[in-house]
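The block underneath contains the structure these notes are about, expressed in structure tokens.
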Amino acid sequence: MVREGNAESCFRMRLWCIAVLGLALLSACFIVSCVVTYYFTHGNTGKRLSELHTHHSNLTCFSEGTRVTEKIWGCCPGTWKPFGSSCYFISSEENFWAKSEQNCIGMGAHLVVINTETEQDFIIQQLNKTFSYFLGLSDPQGNGNWQWIDQTPYKENVRFWHQNEPNFSAEECASVVFWDGRGWGWNDVFCDSKRKSICEMKKIYL
């Protein structure tokens, strides 16, 4: 009976050791995961902030909810308009499409990419009906294969062309423009025509 008791005690001890070892391994994995997550989250955020500060003198941040223990802040350059996960800048200069994109890149952004109707509605509220504004949408080959500047898929269900547009293959760039009786909509235009433009960049989250 004593031997059986000792054997049972040894068996329980082994189980306990295995459980402790397993718990230790899980804890180690959790710690490593937290360190990696912190590095990528804060490291990338710091890098992005550094990049933005080379183009913009100040940032404006807005509370956008909370994590488990802290608030989430979404930040945009001071003169930019925040919406969703992006920041938008309406250029007052008129340039060719390529120059407009170059100017956006110089600010750490790109010509605007419109993904939803709510985004389109927000953007047109910021615009002057007198002007036409370049979008980050073009048809480089003039064959109807429209492409967004950031490689976002050109969605069939997210298009806001004016009626009967696009209608001319030589007009290989897109703009958003207000037409009397029709309101705001997209229009294909010559890329070397001069227009205002809209830049977009992702918010910085702190």
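Just so it is clear, glycine is given a Cβ too, placed from its N, Cα and C backbone atoms.
The Ca(2+) 1 binding site annotation in Swiss-Prot covers Val113, Asn115, Glu119, Glu200, and the record cites similarity to another entry as its basis. Summarising the environment of Glu119 (Ca(2+) 1 binding site), the number of other Cβ atoms within 10 Å of its Cβ, over all protein chains shown, is 18.
The alpha-D-mannopyranose binding site annotation in Swiss-Prot covers Glu165, Pro166, Asn167, Glu171, Trp179, Asn187, Asp188, Arg195, and the record cites similarity to another entry as its basis. Following the DSSP three-state reduction, the secondary structure of Arg195 (alpha-D-mannopyranose binding site) is strand.
For Asp188 (alpha-D-mannopyranose binding site), the same-chain residues 6+ apart in sequence whose C-beta sits under 8 angstroms from its C-beta are Asp139, Glu165, Pro166, Asn167, Phe168, Glu171, Glu172, Cys173, Ala174. According to Swiss-Prot, the Ca(2+) 2 binding site annotation covers Glu165, Asn167, Glu171, Asn187, Asp188, on the basis of similarity to another entry.
Same-chain residues at least 6 positions away in sequence with a Cβ under 8 Å from that of Cys75 (disulfide bond) are, in sequence order, Leu59, Thr60, Cys61, Phe62, Lys203, Ile204, Tyr205, Leu206. Following the DSSP three-state reduction, the secondary structure of Cys75 (disulfide bond) is strand. The annotation disulfide bond is assigned in Swiss-Prot to Cys61-Cys75 (among others) on the grounds of similarity to another entry.
Summarising the annotation, Swiss-Prot assigns disulfide bond to Cys76-Cys87 (among others). For Cys87 (disulfide bond), the same-chain residues 6+ apart in sequence whose C-beta sits under 8 angstroms from its C-beta are Cys76, Pro77, Trp80, Lys81, Ala109, Glu200, Met201, Lys202, Lys203.
The feature disulfide bond is assigned by Swiss-Prot to Cys104-Cys199 (among others), with sequence analysis given as support. Counting every protein chain shown, 24 other Cβ atoms lie within 10 Å of the Cβ of Cys199 (disulfide bond).
A sphere of 10 angstroms centred on the C-beta of Cys191 (disulfide bond) encloses 19 other C-beta atoms. According to Swiss-Prot, the disulfide bond annotation covers Cys173-Cys191 (among others).
Positions annotated as domain 'C-type lectin' by Swiss-Prot: 83-200.
Positions annotated as N-linked glycosylation site by Swiss-Prot, on the basis of sequence analysis: Asn58 (among others). Asn58 (N-linked glycosylation site): 10 other CB atoms within 10 A of its CB, across all protein chains. Under the three-state DSSP scheme, Asn58 (N-linked glycosylation site) falls in the coil class.
Following the DSSP three-state reduction, the secondary structure of Asn128 (N-linked glycosylation site) is coil. Annotated N-linked glycosylation site per Swiss-Prot: Asn128 (among others), in sequence order.
Around the Cβ of Asn167 (alpha-D-mannopyranose binding site), a 10 Å sphere holds 11 further Cβ atoms from the protein chains shown. In the three-state DSSP scheme, Asn167 (alpha-D-mannopyranose binding site) falls into the coil class. Here Swiss-Prot flags Asn167 (among others) as N-linked glycosylation site, drawing on sequence analysis.
Look at Swiss-Prot and you will find 1-15 tagged as topological domain 'Cytoplasmic'.
Marked as topological domain 'Extracellular' by Swiss-Prot: 37-206.
For 16-36, the entry in Swiss-Prot reads transmembrane segment, with the evidence type sequence analysis.
Other than Glu165, Asn167, Glu171, Asn187, Asp188, the residues of this chain whose Cβ falls within 8 Å of the Cβ centroid of the Ca(2+) 2 site are, in sequence order, Trp161, His162, Pro166, Phe168, Ala174, Trp186, Val189.
Using Cα positions, the member of the recorded positions Cys104, Val113, Asn128, Trp179, Arg195 nearest to Asn58 (N-linked glycosylation site) is identified as Cys104.
Annotation: Val113 are the binding-site residues among Val113, Asn115, Glu119 whose CA atoms are within 10 angstroms of the CA of Cys199 (disulfide bond). A helical conformation is recorded for Cys104 (disulfide bond) in the three-state DSSP classification. A gap of 21 Å separates the Cα atoms of Asn128 (N-linked glycosylation site) and Asn115 (Ca(2+) 1 binding site).
Glu119 (Ca(2+) 1 binding site) falls within a helix when secondary structure is assigned with DSSP.
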